[in-house]
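Record features, source TrEMBL:
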BINDING   CYS33, CYS58, CYS119  [4Fe-4S] cluster binding site
DOMAIN    33-421  domain 'Nitrogenase/oxidoreductase component 1'
Amino acid sequence: MSITQTLPANGSDCAPVLNKGVLRERGQREVFCGLTGIVWLHRKMQDAFFLVVGSRTCAHLLQSAAGVMIFAEPRFATAIIEERDLAGMADCHDELDRIVDKLLTRRPEIKTLFLVGSCPSEVIKMDLAKAAQRLGTEYAGQTRILNYSGSGIETTFTEGEDACLATLVPEMPVARPDAAQELLIVGALPDIVEDQFLRLFAELGIEPVHCLPARRACDLPSVGPNTRYLLAQPFLTETALALEDRGAQRLDALFPFGAEGTTAWLRAAADAFGVDEMHFNRVVAPGRERAKRAIAHSRERLEGKRITFLPDSQLEVPLARFLATEAGMIPVEVGTPYLHRQHTARELELLPESTRISEGQDVDKQLDRVREDKPDLTVCGLGLANPLESEGFTTKWAIELVFSPIHGFEQAGDLAELFARPLRRRDVLRV
Ligand code: SF4
């Protein structure tokens, strides 16, 4: 095994199944694997390190997606499983212990080390849970060592973040049974967006408010029956289950995209914490109005345009709701890798009746539907964008929606603009 400073996974087969108005497909899919989450998680968790136990392909994916950090000490790396590891000529666990030892001796400031599983570590059935336990005992008091899978066999694009946060939940301290009600924002947000939300909650008089993930490991918040949590991202199924196992209760809300989504998200917390309606309106109105004005700049370009989302990040349903209700777009098909009906129930209610919802993917059939529907804009992964553009379709890379700050009032205009830009480019090229 050697260390270095990452491609997509494909799935299986079968015919589409219509399930209560949702087209369910289980065929070949074109989605990045869960390792991709490391790109934004390593920036967010400033004293954590992500050690992927994988192949050179995993290393290339990570390096090209995250860019090369020249001046900073990196916070992720790949322990490469070499041929001799695969051939059973070396004990992978000994090799991993040696790498972790080297890393933590040189970088004692690492407070949480994630051992991240990949397709190769799964194929050779390397038990990373056991490794994390063994190493965790050895480095107790210095570094918390956890593991999760980012493998393309088990996870898609944003599920890596879900798996990572779910491993943190059992590490959260137990809240005192008589503790006052606390709010927990769940999901990695860019610091600037997180700070905006924290300011708004402070103005509303809601406190204390914590975030998962916390920026530093030592700030991992406590959790218990008095915890009320708001999901900032729609792809955190396992994390939500783990929190509920610890007694936390989810506040049901729209996701904070656009003026209305953000207002509804804040309102769910305000209602749970007994904030007076007039005070809520006083605090929220300026941001909401700014967001509406910013969205209006793009509305002319978006209104009446038909849009299709191919399944990618699980952000598709709330984004389609935002575009339909606040920008006047017509979602034709909204595809998502997995549909959490409970978490997205309010979003689904606001989509037009005519919108086709699909879960999972059978890429050839889905592309046939795009050709038949002829949407004005198709949101899809990198691998499908170029072929579709060559057929004359206008596309938007779904990955940009994950890497750009798009939550909250102040980002609502930029979010609308992300969809308006490809349509503007198309119109310019046509002229
Ligand atoms: S985890 Fe699997 S799908 Fe992801 S980069 Fe590594 S080999 Fe490819």
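Backbone N, Cα and C define each Cβ position, glycine as well.
Annotations in TrEMBL come from automatic prediction, not curation.
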Most isolated by CB count within 10 A, of the binding-site residues CYS33, CYS58, CYS119, is CYS119
Three-class DSSP assignment, CYS33 ([4Fe-4S] cluster binding site), comes back as coil
The correct three-state DSSP answer for CYS58 ([4Fe-4S] cluster binding site) is helix
